[in-house]
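Report on one structure; see the data block that follows.
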Amino acid sequence: SQYSAVDTNPLSVYIMQPIWNKIIKIVPLWIAPNLLTFSGFVMILVNYFLISFYDWDYTASGTSPGRVPAWVWLFSAFTTFCAYALDSIDGKHARRTQSSTPLGELFDHGLDSWATSIFVLSFFSVCSRDNGKTGVSVYTMYIYLSIVLFNFMCSHWEKYNTGVLFLPWGYDISQVVLIAAYLLTGALGVEVWQKPFLFGYYITDALVILLIGFSLFLSFPQTLYNIHRAHLKKTLKNDSLYEGLLPLVSPLLLFVLLTVWVVLSPSNILAKQPRLFLWMVGVAFSNVICKVIICQMSSTRPERFHWFLFPLALVVYAAISGLLGWTEEAVLAVLTALVTAAHVHFGVCVGRQLSEHLNIYIFSLKKRVQE
């Protein structure tokens, strides 16, 4: 299917695009676009693991400020900018080298679906978890992450129904805010987040209000409006309401199961292992969304229940009924490792199949030799 995306965000159109158009000129023509996409993703991962090393339990910015060296925040700003730039120029570079393929589109959006949660999890280290004085609670973190992933899912659910990806305004704004926040933290220290800056409100409160405002009052209504407009123009991809809503079933069930675990966990699993739990949430959502993206690209029907819902339901039942007892954390760790491995395996397999089917290499512009 032909890729079509619409970007109406003034920040993107008037400020960022001219910057990307200058940067793209530096990229050598022999570099494969997927290599740009992948390099950006690797930078996000490196940054995430670096922050995790200094701040595994999200307390470094709160109870013992200064545990994360200033250079780490500046490095975060640098990697976030590079990833943002690479994610913004990969498509331009593909058109420039005449190598746009469905594989590239899937690679880009698939990695974005995973990167989305990693951005959020890295940023939580800036505000730190609630320690009675400052910070946000781990439950609030879980809700933010869910809202951000819900937003990402909406834009792809919309594309599944309309065939057009309306790039969410929140994306460019969030990237610029993230970079600014890291620079601010690197320059002034985490203390800047711990003093009220207006009417007794903290900067983190303002960011949260922005996030929820953008999601619920801008992105989501826009998604519904775009689908409604396609319906009026009779350009909807799916005739029935059931077909149109089908991609939402698995993500919503996933959210329900995870929330049940968070709320009813006997050992308070989210408070004990926020990093593991939130990472697992991000990977699971990414896998669900990747399957929707594949269905939307190949015009096939998504499966009703994603495979991960079954083992997750078993684990959640075993946890909340007290069957797991003290092993709950260990079981979460194993589940997280398995889901991550399954997701990586899925990505590698899909990439291989598509590269063979389209007769191209993933990371090189050379053509494959027909066997």
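Placement of Cβ uses the backbone N, Cα and C atoms for every residue, glycine included.
The feature transmembrane segment is assigned by TrEMBL to 26-50 (among others). Long-range neighbours of the transmembrane segment (26-50) within the same chain, counting only residues 6 or more positions beyond its ends whose Cβ lies under 8 Å from a Cβ of the stretch, are 72, 75-76, 79-80, 82-87, 89-91, 93-94, 96-97, 99-100, 103-104, 107-108, 111, 114-115, 118-119, 121-122, 361-365.
Same-chain residues lying 6+ beyond the ends of the transmembrane segment (70-86) with a Cβ under 8 Å from its Cβ atoms: 19-20, 23, 36-37, 39-41, 43-44, 46-47, 50-51, 54, 115, 119, 122, 126, 175, 178-179, 182-183, 185-187, 189. Per TrEMBL, transmembrane segment is recorded for 70-86 (among others).
According to TrEMBL, the feature transmembrane segment maps to 136-154 (among others).
As annotated by TrEMBL, transmembrane segment applies to 199-220 (among others). For the transmembrane segment (199-220), same-chain residues at least 6 beyond its ends with a Cβ under 8 Å from one of its own Cβ atoms are 127, 134-136, 140, 144, 147-148, 150-151, 154-155, 168-170, 173-174, 177, 181, 192-193.
Distant neighbours of the transmembrane segment (241-264): 139, 142, 146, 149-150, 153, 156-157, 160-161, 227, 270, 277, 281, 284-285, 288-289, 291-292, 295-296, 301-306, 308-309, 312-313, 315-316, 319-320; these residues of the same chain sit at least 6 beyond its ends, with a Cβ under 8 Å from one of its Cβ atoms. Marked as transmembrane segment by TrEMBL: 241-264 (among others).
Within the chain, the transmembrane segment (276-294) has long-range Cβ neighbours (under 8 A, six or more residues past its boundaries) at 106, 109-110, 113-114, 116-118, 120-121, 124, 141-142, 145-146, 149, 152-153, 156-157, 160, 247, 250-251, 254, 258, 262, 269-270, 300, 302-303, 306, 308, 312, 329, 332-333, 335-336, 339-340, 342-343, 346-347, 350. Annotation comment: TrEMBL describes 276-294 (among others) as transmembrane segment.
Residues or ranges marked as transmembrane segment in TrEMBL: 306-324 (among others). Residues 250, 253-254, 257-258, 260-261, 264-266, 269, 284, 287-288, 291, 331, 335, 338-339, 342 of the same chain, all 6+ positions outside the transmembrane segment (306-324), place their C-beta atoms under 8 angstroms from a C-beta of that stretch.
Beyond the transmembrane segment (330-350), the same-chain residues lying 6 or more positions past its ends with a Cβ under 8 Å from any Cβ of the stretch are 106, 110, 114, 269, 273, 276-277, 279-280, 283-284, 286-287, 290, 294, 308, 311-312, 315, 318-319, 324. Feature annotation from TrEMBL assigns transmembrane segment to 330-350 (among others).
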